[in-house]
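Chemist: One structure coming up, written as structure tokens, with questions to follow.
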Amino acid sequence: MMDNINFEFSNASQGSRLQLQQQPPQPFNLQDLNMIQYNQPSSPWTTETFSGLTPYDCTANQSFPVQCSSSKPYPSSFHPYHHQSSDSPSLDQSVSMIPMQPLPDQYMKPLYQRSCSNDFAATNASSASYSLSFEASHDPQELCRRTYSNSNVTHLNFTSSQHQPKQSHPRFSSPPSFSIHGGSMAPNCVNKTRIRWTQDLHEKFVECVNRLGGADKATPKAILKRMDSDGLTIFHVKSHLQKYRIAKYMPESQEGKFEKRACAKELSQLDTRTGVQIKEALQLQLDVQRHLHEQLEIQRNLQLRIEEQGKQLKMMMEQQQKNKESLLKKLPDAEASLSLLDPHIHSPPSPFLVHDAEALMLTSYEDTQLQSTKS
């Protein structure tokens, strides 16, 4: 790494020498920097330039934006490096006499490594193409590589010095391929390898899915952990799980739809028949309940009549008992009257009197029974 740049190019055949001399620091506005135009003879690297290779690279560690323009010449007062070949007499003498001066250290710290063994000004051609790339060490987004060709088309390529190794020679180096988005380097896509889902592997997958609660609850990460197969990644499991869900919840075929419709018709007819039968059974049940209610009413009336008859029988028995007691009371009185009439006759009580009393009681009972039936 060098703080000051001294470009020295020697040509033994023509004896011309071009040397960069360091000048005192001058104010330099890099934002107004335009395209540096070189009108030099062709170099040995012209073929390489047209082939897509850069003849040499110059790098400068500075964090500043560079504005490039291919239509306006670079003013001589702001040339960081300006030189004129001795073989080109068409340029202005005042411009050609201005020596090439490098930028001060505080503005630019160029990194340049080149093994210079060829002459820079010894070749004869009408145009030359050079490549100049500035690399920002502090801000990786402000790196610009500019390539100048005969068509004066400017090509910009933004690179980051933090991720690029230093190149010793541009001829054996390739242009940077990093692209910066928001200060970070975009990672390369991982190549996905395809695998063949065999029957055993699929059965193992289905078993893991069922253990995890079905296709809806299973996750690719859990399935991959349970399967534990070599060469199987989460991308394979995720894709296969999606296909498995689609196949599981695929709509039924037309055959299945027709069968389903036929079953639905049969079920509707069966439901109609069953409804009619249930209705008839309910009607019969209502009729039976009505008959039972009528029978219960009849039994209730009979029970009431039986209770009334029992009360009447009880009253009749009580009346008969009273009549019997009254007759028994009358018998001693009759015997006493007979003894008063004939005291010498002591005859036992006649058994016919008791029989007569019973017959009397029966007749009285029959009379009361007839009266109750009539009423």
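Yeah, the Cβs are placed from backbone N, Cα and C, and that goes for glycine too.
On a predicted model such as this, the values are computed, not experimentally measured, just so you know.
Straight out of Swiss-Prot:
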- 220-245: DNA-binding region (DNA_BIND)
- 279-299: coiled coil (COILED)
- 159-171: compositional bias 'Polar residues' (COMPBIAS)
- 189-249: domain 'HTH myb-type' (DOMAIN)
- 159-178: region 'Disordered' (REGION)
- 292-297: motif 'LHEQLE' (MOTIF)
Chemist: In the same chain, who gets a Cβ under 8 Å from the DNA-binding region (220-245) while lying at least 6 residues past its ends?
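Modeler: Residues 192-193, 195, 197, 201-202, 204-206, 208-209, 211-212 contact the DNA-binding region (220-245) from elsewhere in the chain.
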Chemist: For the DNA-binding region (220-245), would you mind checking the mean pLDDT of the predicted model?
Modeler: 88
Chemist: Count the residues of the domain 'HTH myb-type' (189-249) that DSSP assigns to helix (H, G, I), to strand (E, B) and to coil, and report the three numbers in that order.
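Modeler: Tallied per class, the domain 'HTH myb-type' (189-249) gives 36 helix, 0 strand, 25 coil.
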Chemist: Helix, strand, coil residue numbers for the motif 'LHEQLE' (292-297) per DSSP?
Modeler: 6 helix, 0 strand, 0 coil
